[in-house]
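These features come from Swiss-Prot:
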BINDING   179, 189, 194, 259, 349, 353  RNA binding site
COMPBIAS  434-443  compositional bias 'Polar residues'
COMPBIAS  465-490  compositional bias 'Basic and acidic residues'
COMPBIAS  491-503  compositional bias 'Polar residues'
REGION    1-403  region 'Ncore'
REGION    404-515  region 'Ntail'
REGION    424-515  region 'Disordered'
REGION    457-466  region 'Interaction with the phosphoprotein'
């Protein structure tokens, strides 16, 4: 009977996700124009000019989002010698039908430098005027951070080569995808953070860095046009990383792909890592048994998705909501308790959710600090650990854990996914609260270890109560001493904070450690 209950969740999920048969009825599709470069365009400067033109059209608010996404697809397909084959392999989609037009150069034409839009059968004059004669709202200077004020297209192509310059634009579109779907508020900051690595290794030149506004516009297109996201994901799936002939652009796409994989599934994988893989005795609790069974069913569901499993959130797979931590709250709360002790970086992770089980959260912290729970008997036998070494290790672990016996409090709120995604707060922008006629405190605001603030300038009751009594007393004493010094100092002095002596600084650092 118990085994039947254990497998019920998995069988139930299987019945929900599997097909019941029946005819597949096609839905409505958008027809989207894709532009590819024909064999008559051989000049690298012309190719780079067209790449920037595609990007400009994709940022034109006068066009529909579907067509703006089409211009981004046109840009991405320029990385391949055969754009038609690329779209055939990766562009199959239930929402759009791609119509490919070729851009050729006709020596007999003077207008638009001889560039013309055509197919094998005919020339499209109106499309040519629409493509090259449009008064774009977004010109090529505004969409780049530096506006190409120091370098022309010819200079960049001559110095770095066309493939390198094209790759700089394409890789930035891929970086935008990392945050465009799963973390809208952190898009701009996340983009420039990840871009920095590509700037340092020379992949992206400073003259070709997209502006912040352009980044947000492209992110908006990705959110509204799932067909574009699907194409990019299929590109990652079908790209054979085992090949020895990957181009530099393809290698860089794979690097960015590592950030895209499993995006939006952080809670699921953190629960497995800190809740299950640590294999502590708390897993035997009956309270956690239902959530463990639920997690087992989710793991089987994840594996059943095959190569598309890491992208279920990016692709908005109907089952991606099943992986939310609210579906296994007790186990997630326990895992987060273990995480904030074992990994200091996890203390920035937002755990203050409505479904947080505070008792399991504290239990996770308690067992993570316990030396006995952290030792694996299986590894002890495999490594041949002696009893003396085992006792010595226990002693060291107890000494370390005894220095911090207080429980970490939940951080953040339910509306924020990751605290690290928020904009860094500038200390000078924050002033002390109104203190009436009392002099303003000179203590640096960010010196208080337990004080946190949200970007909306609000503080919860929990955050205010988290300031320890000892810290309050130290702050009052330091403020009193500083105020006494103000009264004794020269009235003409305009910068009293610079007169703080070394004793006061030592007091502050001794009170808060090395924060």
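The backbone N, Cα and C atoms fix where each Cβ goes, and this holds for glycine too.
These numbers come from a predicted model, not from an experiment.
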Query raised in the report: Between the binding-site residues 259, 349, whose Cβ has more other Cβ atoms within 10 Å than any of the rest?
Result: 349
Query raised in the report: Hey, what's the Cβ neighbour count for residue 194 (RNA binding site) at 10 Å?
Result: 19
Query raised in the report: Roughly how wide, in whole Å, is the group 179, 189, 194, 259, 349, 353 that binds RNA, by largest Cα to Cα distance?
Result: 28
Report summary line: Its Cβ having more other Cβ atoms within 10 Å than any other among the binding-site residues 179, 189, 353, the winner is 179
**Report entry** Where residue 353 (RNA binding site) sits in the secondary structure, as DSSP reduces it to three classes
**Finding:** coil
Report summary line: The mean pLDDT across the region 'Ncore' (1-403) is 85
